[in-house]
Amino acid sequence: MEKKQIRKLIFEKRKSQDPEALREKSHRICQKVIAHPFYQKADAIYLYMDCKGEASTEELFSKALEDGKRVAAPKVFGEEMRFFYLTSKEDLEPGYFGIPEPKGGLTEATEEQALVIVPGVAFDRERHRCGYGKGFYDRYLKRHPSMHTIAIALDDQIVPEVPADEFDVAPQVLITPDEVL
């Protein structure tokens, strides 16, 4: 199956997602992330801001701040993405495709040893990732190869196979509500 077909399939599944089940699954994912050594050792966590039925990062955002970690979120500039530090959700405003992004005037995140929480539309069990098709995370991670990466996904985002292209960057770890791959 091509990535375009995978996206269509997963987006259809998201439409029937039960909000309470999504909250519960997102909580289980968060618990696995905070127990992972990458999280434990990280001084900074670079998080995506969830939308459209994705696994929620809200609990992870709050927990990272509570744990004294620096938290950053991505902002899109043309074809590139950069992360900026946040101190609260008040530092966000609607951005690219309505996804919450850091407001202007915030400090750019520059740690090369940060943990990046990677979104995706779908993954396979070898951690190949089907993103949203714009390549923002692949380009960012290629420029920052020393970053640790954990992708988070709901169980129905795991598919038998995701075609891998030469420019794709697979996450080091994939966490679902029930597994760490």
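Positions of Cβ are set from backbone N, Cα and C atoms, glycine also.
TrEMBL has this to say about the protein:
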- LYS3, LYS4, GLN5, ILE6, ARG7, ARG129, CYS130, GLY131, TYR132, GLY133, LYS134, GLY135, PHE136, TYR137: ATP binding site (BINDING)
- MET49, GLU54: substrate binding site (BINDING)
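Overlay of TrEMBL feature records on the structure.
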{"residue": "LYS3", "record": "ATP binding site", "contacts (Cβ under 8 Å, 6+ apart)": "CYS130, GLY133, VAL162, PRO163"}
{"residue": "GLN5", "record": "ATP binding site", "contacts (Cβ under 8 Å, 6+ apart)": "none"}
{"residue": "ARG7", "record": "ATP binding site", "contacts (Cβ under 8 Å, 6+ apart)": "VAL121, ALA122, CYS130, TYR132, GLY133"}
{"residue": "MET49", "record": "substrate binding site", "contacts (Cβ under 8 Å, 6+ apart)": "THR57, ALA73, PRO74, LEU92, ILE99, PRO100, GLU101"}
{"residue": "GLU54", "record": "substrate binding site", "contacts (Cβ under 8 Å, 6+ apart)": "TYR48, PRO119"}
{"residue": "LYS134", "record": "ATP binding site", "contacts (Cβ under 8 Å, 6+ apart)": "GLU79"}
{"residue": "PHE136", "record": "ATP binding site", "contacts (Cβ under 8 Å, 6+ apart)": "PRO74, VAL76, GLU80, MET81"}
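Comparing local CB density within 10 A for the binding-site residues CYS130, TYR132, the maximum falls on CYS130. Among the record's ATP binders, LYS3, LYS4, GLN5, ILE6, ARG7, ARG129, CYS130, GLY131, TYR132, GLY133, LYS134, GLY135, PHE136, TYR137, no two C-alpha atoms are more than 20 Å apart, and one pair sits at exactly that spread. Classification of MET49 (substrate binding site) by DSSP places it in coil, neither helical nor stranded.
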